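Undergrad: Quick one: the structure is below, questions incoming.
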C-alpha cells in the first residue's frame, strides 16, 4: 500500500427512508475542518434509491457528493452497502472515512473496515489530524473509561472512525461550488443475501434527548424508581426532558433511549441537571458540553462537581421537592 495515493476525507451520509440523519451533517462539519487542515477535498457519500438531500450536504460543507442510486439500496442492508462503499474506496482511495455511530453505522463501519483491511476507532469524542503525514488522531474513552486514548492507524488507509450524534457541530456553507457525481452501482444476486421486506415503526413516543434544551438526569443516587418520578415532575415544570445514567437504565428506572453517556447519547442542552450522578468519565463524555451544568449530590467530592457550574450538596429526594416548589413559584409570578 502506497499511503501517498490515499487522499481526501469522506463522510458516509446516512439516510433512512430518504431522510438525511443529523449525524451526517455534523460529521460534515468536522470533516470540513479536517479537510481544510490537510488541504484536501471533502466528499459526502450518499447511497439510496431516488435519494434526496444533496442540497443539504452541499450547504453543510461538502465539496463533492457521490451518489449511488439504485433500487437495491433503498433500504440499508449490510452486504449491499458494504459492497458499494468498498468498491468506491478501492477505486478512489480516500485517506479518511467517517461514519455516524448509529445502529446502521455500528453495523456498517466494522464490516467496511474489515473488507478494506484497515482499522476503525469507534465512538470517538474528538478528532484531530497530523498535517505532516495525514494521520488521523481519534480520541475515545478506554479501559472502562479510566483514561482517554488517542488512536492512530498510520500503516493502513482509509483511516476510519465512528462518531455518535451530538458530538460535533454542523457548519453552513453556500454550497454553490459543490460537485455532484452519480456513480455506477454494481450489485449481483450474490451480493444481496438479505432483503428488507417491510419496516414496522415502534408505536412508542420516544423523545430524542439529543434535541432537548433542558434535561433533568438521574443516576444511582436517586435511590428508587419512585424518587425518579420527582425528576419527571421537575422536568415538566421546566419544560424539559428526563434522562438517566447507565446505572439508572440498568436498574430499570428509565428506558435505554434516554441514557446519556459513552454507551448512550451525547447531549448539549442549555441546562443539564444531574441528580444523584457520581460523574464517571463515560457519563461526563456525553454531557460535558452542556451550556450550564447543575449537580445535586450528597457527596461534595463527587467527580460530577468538578464539571458542574453549580453544585447542590444534599439528598435528591429532599432537594428536588424544594426546587420544584420554587420553580413553580417563579414561573407563576412571571
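Yeah, the Cβs are placed from backbone N, Cα and C, and that goes for glycine too.
Take a look at what Swiss-Prot says about it:
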BINDING   271-299  FAD binding site
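Walk me through where these features lie, including what they touch and how far apart they are.
TA: Proximity of residue 279 (FAD binding site) to non-local residues of its own chain (separation of 6 or more, Cβ distance below 8 Å) is seen for 295, 302, 303, 304, 305, 306, 307, given in sequence order.
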Undergrad: Over all shown protein chains, what is the count of other CB atoms within 10 A of the CB belonging to residue 283 (FAD binding site)?
TA: 28
Undergrad: Please work out the number of neighbouring Cβ atoms within 10 Å of the Cβ of residue 287 (FAD binding site), leaving out its own Cβ.
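TA: Taking all protein chains shown, residue 287 (FAD binding site) has 27 Cβ neighbours within 10 Å.
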Undergrad: State which of the following binding-site residues has the fewest other Cβ atoms within 10 Å around its Cβ: 271, 275, 295.
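TA: Among the binding-site residues 271, 275, 295, the sparsest Cβ neighbourhood within 10 Å belongs to 271.
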